[in-house]
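Feature annotations, courtesy of TrEMBL:
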ACT_SITE  A:Cys142  active site, nucleophile
BINDING   A:Thr13, A:Ile14, A:Gly112, A:Arg170, A:Gln303  NAD(+) binding site
BINDING   A:Ser141, A:Cys142, A:Asn143, A:His196, A:Gly197  D-glyceraldehyde 3-phosphate binding site
DOMAIN    A:4-142  domain 'Glyceraldehyde 3-phosphate dehydrogenase NAD(P) binding'
Protein chains: 4
Amino acid sequence: MYMLQVGINGYGTIGKRVADAVRAQPDMEVVGVAKTRPNFEAEGAVENGYPLYAAIEERAGRFDDAGIELAGMVEELVEAADVIVDACPSGIGADNKSLYDEYDTPALYQGGEDASVADTSFNARANYDEAVGAQHVRVVSCNTTGLSRLVAPLREEYGVEKVRATLVRRGGDPAQTGRGPINDIVPNPVSLPSHHGPDVKTIFPDLAIDTLGLKVPATLMHMHSINVSLEAEPDAEEVRELLERQSRIFVIPEHMDIDGAGKLKEFAMDRGRPRGDFWENCVWGESVSMEGNDLYLFQAIHQESDVVPENVDAIRAVTNAADAEESIETTNDALGIGF
Amino acid sequence: MYMLQVGINGYGTIGKRVADAVRAQPDMEVVGVAKTRPNFEAEGAVENGYPLYAAIEERAGRFDDAGIELAGMVEELVEAADVIVDACPSGIGADNKSLYDEYDTPALYQGGEDASVADTSFNARANYDEAVGAQHVRVVSCNTTGLSRLVAPLREEYGVEKVRATLVRRGGDPAQTGRGPINDIVPNPVSLPSHHGPDVKTIFPDLAIDTLGLKVPATLMHMHSINVSLEAEPDAEEVRELLERQSRIFVIPEHMDIDGAGKLKEFAMDRGRPRGDFWENCVWGESVSMEGNDLYLFQAIHQESDVVPENVDAIRAVTNAADAEESIETTNDALGIGF
Amino acid sequence: MYMLQVGINGYGTIGKRVADAVRAQPDMEVVGVAKTRPNFEAEGAVENGYPLYAAIEERAGRFDDAGIELAGMVEELVEAADVIVDACPSGIGADNKSLYDEYDTPALYQGGEDASVADTSFNARANYDEAVGAQHVRVVSCNTTGLSRLVAPLREEYGVEKVRATLVRRGGDPAQTGRGPINDIVPNPVSLPSHHGPDVKTIFPDLAIDTLGLKVPATLMHMHSINVSLEAEPDAEEVRELLERQSRIFVIPEHMDIDGAGKLKEFAMDRGRPRGDFWENCVWGESVSMEGNDLYLFQAIHQESDVVPENVDAIRAVTNAADAEESIETTNDALGIGF
Amino acid sequence: MYMLQVGINGYGTIGKRVADAVRAQPDMEVVGVAKTRPNFEAEGAVENGYPLYAAIEERAGRFDDAGIELAGMVEELVEAADVIVDACPSGIGADNKSLYDEYDTPALYQGGEDASVADTSFNARANYDEAVGAQHVRVVSCNTTGLSRLVAPLREEYGVEKVRATLVRRGGDPAQTGRGPINDIVPNPVSLPSHHGPDVKTIFPDLAIDTLGLKVPATLMHMHSINVSLEAEPDAEEVRELLERQSRIFVIPEHMDIDGAGKLKEFAMDRGRPRGDFWENCVWGESVSMEGNDLYLFQAIHQESDVVPENVDAIRAVTNAADAEESIETTNDALGIGF
Ligand SMILES: NC(=O)c1ccc[n+]([C@@H]2O[C@H](COP(=O)([O-])OP(=O)(O)OC[C@H]3O[C@@H](n4cnc5c(N)ncnc54)[C@H](O)[C@@H]3O)[C@@H](O)[C@H]2O)c1
Ligand SMILES: NC(=O)c1ccc[n+]([C@@H]2O[C@H](COP(=O)([O-])OP(=O)(O)OC[C@H]3O[C@@H](n4cnc5c(N)ncnc54)[C@H](O)[C@@H]3O)[C@@H](O)[C@H]2O)c1
Ligand SMILES: NC(=O)c1ccc[n+]([C@@H]2O[C@H](COP(=O)([O-])OP(=O)(O)OC[C@H]3O[C@@H](n4cnc5c(N)ncnc54)[C@H](O)[C@@H]3O)[C@@H](O)[C@H]2O)c1
Ligand SMILES: NC(=O)c1ccc[n+]([C@@H]2O[C@H](COP(=O)([O-])OP(=O)(O)OC[C@H]3O[C@@H](n4cnc5c(N)ncnc54)[C@H](O)[C@@H]3O)[C@@H](O)[C@H]2O)c1
């Protein structure tokens, strides 16, 4: 079987997870990863056997100084790859676009980029087909991914009148010591509704959705406080079962006695998840409730990893290597999604 | 002019603030405060000239040991007072009720008590008259006070179809070192809708309101992410002006460049507010927005002090010392409410 | 080869890690684990194939209710085991002692117990031999383990005049949502020197050591700010090399660009460590410095896991299954200690 | 009596406090304050009646836009002032030096500047006289001020062999939402000893002092874990009494039951301190202890305000308006230092 050659440009929080997820697939392999500077993650790439490319020619010497062997420059990686996953910091992806075009390599971008960078925004559950054969595809952000996975089945099953969501966002990832706030709850953005709603509309253009965003001093996961006014009035139990049937939604059972993101991550680590990752939305089963046609629930979203299986699927979409159902199933099986 | 004699049982976060607010009024004075044990707050009571009573007879000796002079036992305070403000920890208020009945002293309770402890729950802006002449009145919690102040004018002006509010609550007050979470976002309670909605209905029995509560690692203020489906479609500017006219709502102007609770408290302290207190709801002006008939906004609620002016008004209500308008104005003037 | 039958009483933060570490050894196996109540950790025990015993007879029914199958009562586990590792909450270990005596099963206790619970306190590097053949052994706390590993080689190589250490302790483990402080730095205990110094003396009775303890709003690792007045004046490079030679000390190289516990844990997870655990002390290489005979350095201690290899070695000590060197090497190899 | 005309360039955390402290003095007044941009603090300056000057000519228009009236440009302020207190962000003070020289106005700088910016570094208790008549004086940082106040009496009374201090620093001030860490303990700087020791030597050039610095997710106060090897062996009680006699050291009595910075600030606010400020070092009485000639103690340092009385004294020093004793007493009386 031909193995898709995947290059990853930007080997940080997202990039390193995508690399490991790609390697776990039966139909792809990591042709190499690119980074700008040496640190423990660069060393980790080498340790893991990923050929490491320098993203910035002038700084390539720094890897030498740190005793890290390079496989070449990023251009070579782009040339060698069937698909490039760009996982550079927000905004850099757009800068890199011309490089990918130069070598005619299809590219995936992350949610930190503007939607306009790509031909289409992507969520496997909701709009896989739109990315089939596309040259530039943006895998939407962690929050938008989490919202899309929730909205998709609700729309199909009941119809959605309106979504109202408050996104209580972690201030920074666990390793980002420079980010705050330390002791505050910060409306962000202050002006409403927030830009998160329009981002969800890149997946569901005709969805009515208003979002509000806040930042708090926590690092583990985002928390979504969700209201969906449905076009029907199912009972809560039925909705819960619908969500339980979604492969990338984990409905937390009451008896697990999990009260927040700390215990959730502990659970993931106990189950041997790499890096304690949650590729799934985590919905508190107990929270799923209906008041009239208003659905309410809480879901925790692991910002560092929920987009990872989406990137894998998007690779298959742009290369036309599988249809949605087949790709999702392959990805899930290879990673071990679901508990 | 006769000065109402007010006793305060429980001299902690709320009690000490109510004492200072009572003292600032032209028509009341603090006849004494009661506490269970000596600490810096007990010393502060004496320092401030409030006669200090022991709440628990067997522990009265501890005050002696700490060199703090007592004025007597709490029973004497209850007897001497025209009104007692009970500001004991949640649940203790209910235990104290029989003591107040014994001396036939009208009593106010705080929001940590069950609504059933009192004849009526109280918010000055919304239902002052219901407390007039009552024997047992509960001043609702900081969150319910904040929601009531917001809902009252919206109902009067536009009618309210439904309120949906996510309460992002501080984990503990600034001095409570024993409370968490440290690095988590905790759905609390997990089952929805939360008990906060029904509590608001003790003020507006026929209001449609669903609430969701979360706890986060912050100590300064609660933050409310608010949606109100109105029965009209005013523009945002009009709603903002309506809120600006409310004496206990502070609409934060954009040009102040205040991004969260930290800068808000800094502002309050710069303006000389005692303890940096915010007796007002703090609504971000920039956040007030309308989508169809859906109003959205963020408000910060200073848990330690927003109920303070409400307690003062409730004292006048139960003693029939003034009507709502007069009491609110007197309280506001005496404290210096508004910026 | 005979496999030592190890029972674990208390399957929480420490217990579950010890179970996994025991299973990884070539000469031991987990005969079962005991817990008081069902939750995700209890389910995890079953998932991992550890026979689960109920610690409290009256509550055994709760496991049934949660659909978790029990292997029996804790007494049966104690009887079946060659050694019991007690990993119950502080103080419960002492209560359990008579149970272990009843079945004449040698027992290990954790650092939350008083030293007096055991015949000897234990650190593999420092005093393995004292535990050989003992019936009751206490594996010292995470902080004491971290200090002992550091002191042992310094004493041997240079002699130690005095240790002065400030322990900046995490407020709670990542999953403990009920613990604070949220925004404070709390001297704990306030009276000095702290009890941590005397605890280190249970390992080195004649060591001169003064410690100070603080609690801060962080969950990942403790941080030790260390001063050791040596009896010699080696240069910093030499000390650093000495530490690098210790198998359970990881000296963080500068080029890894690791600035705190967040990046450290990230590094551990990138390297595939189960639960992101650090069984080693983590000393910042750059921090190791000498001023006259005063050594200074920072070390981070992973409270949840540094005692795990020590428990494994203590099992071999009490059963006289290996000498110190052999045990440490076996443990290290089986776990993959060192980077 | 002639009132010293004091100008303040930089009206932020430090500047606004110095302004209020200057105004409270019997022998000085605030001739004006300068700021670069409008926000709530600029509005507060006007509200407080301080003439407001624009620090950057091109941006002066922004104040107009925000409806804030300007008194002029910073050059006019410098010209009008007898002394300028520069309280601009770190590094800007040095840039401003030529401006002060141009108008021959003596200037004070803050601890964020390099020592080389000034003729002398300053701490009122330790080296007032060195600043008498100087043109450029640097008031040392909050941490150095806190250490100097402690070291001065110990040196005088017992002689100091060596100081070893671990500075557990707050990550940011309460209003600085952009600063972290959120959930980490960060050695900062990593290389030892830290630069804080040499900074203390700008006050005591021949002092033996080694310091270690850490940053934690707290905003209220710094915490110092202190060891001083004395040249004598007084008992702890005697040292405590010595510290109690220092006017700018507050020894926290046990019976106040204050466990950390949260309760400390609460106490300050209860006592009516403006902004809850602590101009004094706060030493836990219970922590003061002696082991041989080793003194140990914990002190909390309010980063935002401990340098404020020092600035006031430095104004008198550079203008030769009073000697040390007289100035300190006047400052203390005017502010109400001591409890
Ligand atoms: N971290 C999250 O929680 C998260 C979640 C979803 C989406 N995203 C998005 O994913 C993208 C990557 O974010 P991240 O958190 O992984 O960032 P990161 O900072 O952890 O990693 C970025 C990596 O890119 C490298 N890099 C920087 N400039 C580069 C260049 N010019 N060429 C190649 N490599 C370069 C860096 O060295 C680093 O290894 C962003 O668009 C972000 O918005 C992040
Ligand atoms: N702190 C808040 O943010 C807040 C906000 C709104 C309402 N409330 C409510 O106000 C009430 C008081 O809360 P708080 O935060 O002020 O508590 P607190 O713990 O700060 O103060 C309670 C005081 O009561 C004293 N006390 C305890 N038992 C007593 C007894 N039997 N008799 C007399 N005094 C006794 C304590 O010594 C303490 O001084 C609670 O119902 C609480 O739910 C608190
Ligand atoms: N967590 C740490 O960071 C840490 C570090 C070093 C040492 N320790 C010590 O290890 C011991 C265990 O701490 P932990 O953090 O693992 O606690 P934990 O609360 O995470 O786990 C304790 C476990 O014991 C079970 N348990 C409670 N009562 C029991 C009983 N009577 N019989 C059997 N099981 C019972 C609980 O259900 C839980 O599973 C304590 O002595 C602690 O001081 C903890
Ligand atoms: N905040 C503390 O905890 C603290 C403690 C002790 C010493 N310091 C030192 O005090 C100084 C000021 O720190 P801060 O915390 O008050 O800072 P800040 O940011 O709170 O205030 C600085 C002020 O200076 C103004 N400003 C910026 N550039 C200016 C310019 N070119 N001209 C005039 N004004 C300008 C800003 O608008 C702001 O009002 C720094 O050197 C700092 O290191 C700060």
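Backbone N, Cα and C atoms are what each Cβ position is placed from, and that goes for glycine too.
TrEMBL: automatically predicted annotations, no manual curation.
Least crowded of the binding-site residues (A:Gly112, A:Gly197), judged by neighbouring Cβ atoms within 10 Å of its own Cβ: A:Gly112. Packing around A:Ser141 (D-glyceraldehyde 3-phosphate binding site) is summarised by its Cβ count: 23 other Cβ atoms lie within 10 angstroms of its Cβ, all protein chains included. The Cβ of A:Arg170 (NAD(+) binding site) lies under 8 Å from the Cβ of A:Lys215, A:Val216, A:Ala218, A:Thr219, A:Leu220, A:Met221, A:His222, A:Gln303, each of these being in the same chain and 6 or more residues away along the sequence. Residue pairs drawn from A:Thr13, A:Ile14, A:Gly112, A:Arg170, A:Gln303, the listed NAD(+) binders, are separated by up to 16 Å at the Cα level. Residues belonging to the domain 'Glyceraldehyde 3-phosphate dehydrogenase NAD(P) binding' (A:4-142) score a mean pLDDT of 97 in the model. In the shown protein chains, 24 other C-beta atoms lie within 10 A of the C-beta of A:Gln303 (NAD(+) binding site). In the three-state DSSP classification, A:Gly112 (NAD(+) binding site) falls within coil. The distance from the Cα of A:Ile14 (NAD(+) binding site) to the Cα of A:His196 (D-glyceraldehyde 3-phosphate binding site) comes to 20 Å. Counting other Cβ atoms within 10 Å of each Cβ, the lowest count among the binding-site residues A:Thr13, A:Asn143 belongs to A:Thr13. Note: the Cα of A:Ser141 (D-glyceraldehyde 3-phosphate binding site) and the Cα of A:Thr13 (NAD(+) binding site) are spaced 13 Å from each other. Cβ neighbours within 10 Å of the residue listed as 'active site, nucleophile', excluding its own Cβ and spanning all shown chains: 24. Listed in sequence order, the residues A:Gly111, A:Val140, A:Thr144, A:Thr145, A:Gly146, A:Leu147, A:Leu167, A:Asp199, A:Val200, A:Thr211 complete the 8 Å Cβ shell around the D-glyceraldehyde 3-phosphate site centroid, once A:Ser141, A:Cys142, A:Asn143, A:His196, A:Gly197 themselves are left out. When the binding-site residues A:Gly112, A:Arg170, A:His196, A:Gly197, A:Gln303 are checked against ligand 1, A:Gly112, A:Gln303 have a Cβ within less than 6 Å of one of its atoms. Distance between Cα atoms for A:Gly197 (D-glyceraldehyde 3-phosphate binding site) and A:Gly112 (NAD(+) binding site): 15 Å, as a whole number.
Apart from A:Thr13, A:Ile14, A:Gly112, A:Arg170, A:Gln303, the residues listed for NAD(+), the same chain places the Cβ atoms of A:Cys142, A:Asp173, A:Glu304 within 8 Å of the centroid of those Cβ atoms. Here the CA atom of A:Gly112 (NAD(+) binding site) lies 10 Å from the CA atom of the residue listed as 'active site, nucleophile'.
Cα of A:Thr13 (NAD(+) binding site) to Cα of A:His196 (D-glyceraldehyde 3-phosphate binding site): a span of 21 Å. Cα of A:Asn143 (D-glyceraldehyde 3-phosphate binding site) to Cα of A:Gly112 (NAD(+) binding site): a distance of 11 Å. Looking at A:Gly112 (NAD(+) binding site) and A:His196 (D-glyceraldehyde 3-phosphate binding site), their Cα atoms lie 12 Å from each other. Its Cβ taken as reference, A:His196 (D-glyceraldehyde 3-phosphate binding site) is surrounded by 22 other Cβ atoms within 10 Å in the chains shown.
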